[in-house]
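J.: Have a look at this one.
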Amino acid sequence: MGNAELPAGAEYARRVPVPPGRPFLDTFKANLKETFFPDDPLRQFRHQPAPRKLVLGLKYFFPILDWAPTYTFSFFKSDLIAGVTIASLAIPQGISYAKLANLPPILGLYSSFVPPLVYAMMGSSRDLAVGTVAVASLLISSMLSKEISPTQQPSLYLHVAFTATFFAGLFEAALGFLRLGFIVDFLSHATIVGFMAGAATVVSLQQLKGMLGLHHFTTATDLISVMKSVFSQVHQWRWETAVLGCCFLFFLLLTRFFVSTDSCRTLLSKLIQHLSALNVLNFEISKSIYQPNLSLNPLDNDKKQSKRNPRFFWVSAAAPLTSVILGSLLVYLTHAENHGVEVIGHLKKGLNPLSATSLTFEPSYLMVALKTGIITGIIALAEGIAVGRSFAMFKNYHIDGNKEMIAFGTMNIVGSLTSCYLTTGPFSRSAVNYNAGCKTAMSNVVMALAVMITLLFLTPLFYYTPLVVLSAIIISAMLGLIDYEAAMHLWHVDKVDFCVCLGAYLGVVFGSVEIGLVIAVSISILRVLLFIARPRTTALGHIPNSMAYRRVDQYSMAQSVPGVLILHIDAPIYFANAGYLRERISRWIDEETKSSKGEEMDLHYLILDLGAVGSIDTSGISMIEEVKKIIERIDIKLVLANPGSEVMKKLDSSNVLEAIGHEWIFLTVADAVAACNFALHKCKPNDSSCEDAV
């Protein structure tokens, strides 16, 4: 039923009203609040007395004050088991990743002591287990080694690493305080898949130094440099080291088949679904270091994992520490260190020494420390927040991303002052923490205490630990991050996303980690800019026996309306796309006019469906005004359908609404078509008497 057939009151009710005006400051405040405070974090403080506000403020920044008063002994038993379990994983991984970062191995233990204590007080995730990660370690190594030699200037290298960690923490905390966490979203799912796979490839190839017992190795991370360094020293390969490394690598990969569980399978399947839905952050992490065979289809995972025993998750969790113990015993009993098998050597006993005075802010090294800190900080945030949110969704509790950033930032700032390097919440440790039955963040405290005992009493036991075992641990962990199934899924679903993924991978493998990130983020931003600058305009047609109007290129039954061209604009109209839209609309009209020649009725009305146009600027308004003038010269009337409130306000305040005519603005496309059909049969489109009739 068209507007002309409606009673006067109903016809007026279906007109599109201009929203009431609001003061600029009110609108600006509302937009600012929606951008930076969408979760309204201050709502809990409203109408509360001052003492209560103080308590709520302390609980906001220190969640431990919220759950500690209700903490029970049964919770502690669960957290104790989980903490000891993740400590068995954190100790060998910490030593391995510190070596990967070209830092003293003891720093890996230091970094598993202080930061988890800070996170236990300030973090809001119950399942996140804090520690060092391979990718951040690789980034620190590759970026700092370009400016400072870790072998020739070890002290300076160490100081700049602490400074980079300090800047990373400062950057993370600033993002949280300023509510700028959305910046992390620029690392898309495709970017992370490609970047992680490239980083895993590079890290694994660099471990050939340890696996082959080489003394001299390139500091470059690209594939060509690494392979040239490996094959130019064939005469220096040590068969004893290679055999030992292959045996332990086989053992570590074998134990991963024991990890699967009914509960773990359900958890990881849900994590994959959640991370895919979020389109954010570290989808490949949800594949887990311990779950390399997870498919994108949870049903496939059920088939692959149905025969595994849930009681044996600890076998894979304890495998790295078991490898360290067995490797150390083997070297000690056979004196393999005298036959070319390198060992860790002396590890200093004692707790973290203060490193506040070790931070260096010299101008010559400030920029490399700042750049390293920001890049590693973003990667650490992407991983930690994605993992924390995923576990929270699975266990049905909420974590605040901005509070997590503050917690990550604080623990890295404190860590940089206490001889620690960058830490976050890796999925490997967090998955083990969950499967061990953790209830609260107290499991991080237990892990830290276990590491403290190791630092005080057990570090001499690591003297005979072979470096090749650490290389095997790193390679085993990295293989789970090469997610070819996710890459194939991207190819089938979205070719542009696959190009982003491939660009990140090739950039990391053949260039450097920074080049890979820049390529991937550049392609992603270019895609966004192209979407904004070249929005889709599609022709709509009528679906028979309904009031619906849909895309004619999608619905074969959609029928065009004689004398009327209906175009749907698929994005906000800004200065970047106004010129393109004007040209594209003109082209649509030319094509429609040519195709309609010789038919009974030529084109008389252009309906623009603005349902997807959430906002418009002055360039967009000028574009609409120009389109109106252009088409009126060829006797075509401009009609608008379904404009939003902001569009209506801008059209009204610029007087374009008056030029078009309120009577030619309609609530739906169906109303607009009905009015056009009525006018076509009653009068000419640009006849002034027609406007009164409509």
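A Cβ is built for glycine as well, from the same backbone N, Cα and C atoms used for every other residue.
TrEMBL: automatically predicted annotations, no manual curation.
These numbers come from a predicted model, not from an experiment.
Grabbed the feature section from TrEMBL, which reads as follows:
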TRANSMEM  128-144  transmembrane segment
TRANSMEM  156-180  transmembrane segment
TRANSMEM  186-205  transmembrane segment
TRANSMEM  237-259  transmembrane segment
TRANSMEM  312-333  transmembrane segment
TRANSMEM  365-386  transmembrane segment
TRANSMEM  406-428  transmembrane segment
TRANSMEM  440-458  transmembrane segment
TRANSMEM  463-482  transmembrane segment
TRANSMEM  502-526  transmembrane segment
DOMAIN    554-676  domain 'STAS'
J.: The transmembrane segment (463-482): which same-chain residues, six or more beyond its ends, come within Cβ distance under 8 Å?
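T.: Here the qualifying positions are 92-93, 95-97, 99-100, 134, 196-197, 199-201, 203-204, 207, 209-211, 213, 241, 244-245, 248-249, 252-253, 256, 284-285, 287-292, 320, 323-324, 327-332, 336-337, 341-347, 428.
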J.: Which range out of 128-144, 186-205, 312-333, 365-386, 440-458 gives the transmembrane segment (156-180) the most CB pairs under 8 Å?
T.: 365-386
J.: Compare 128-144, 312-333, 406-428, 440-458 by their Cβ pairs under 8 Å to the transmembrane segment (365-386) and return the stretch that comes out on top.
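T.: Comparing 128-144, 312-333, 406-428, 440-458: 128-144 has the most Cβ pairs near the transmembrane segment (365-386).
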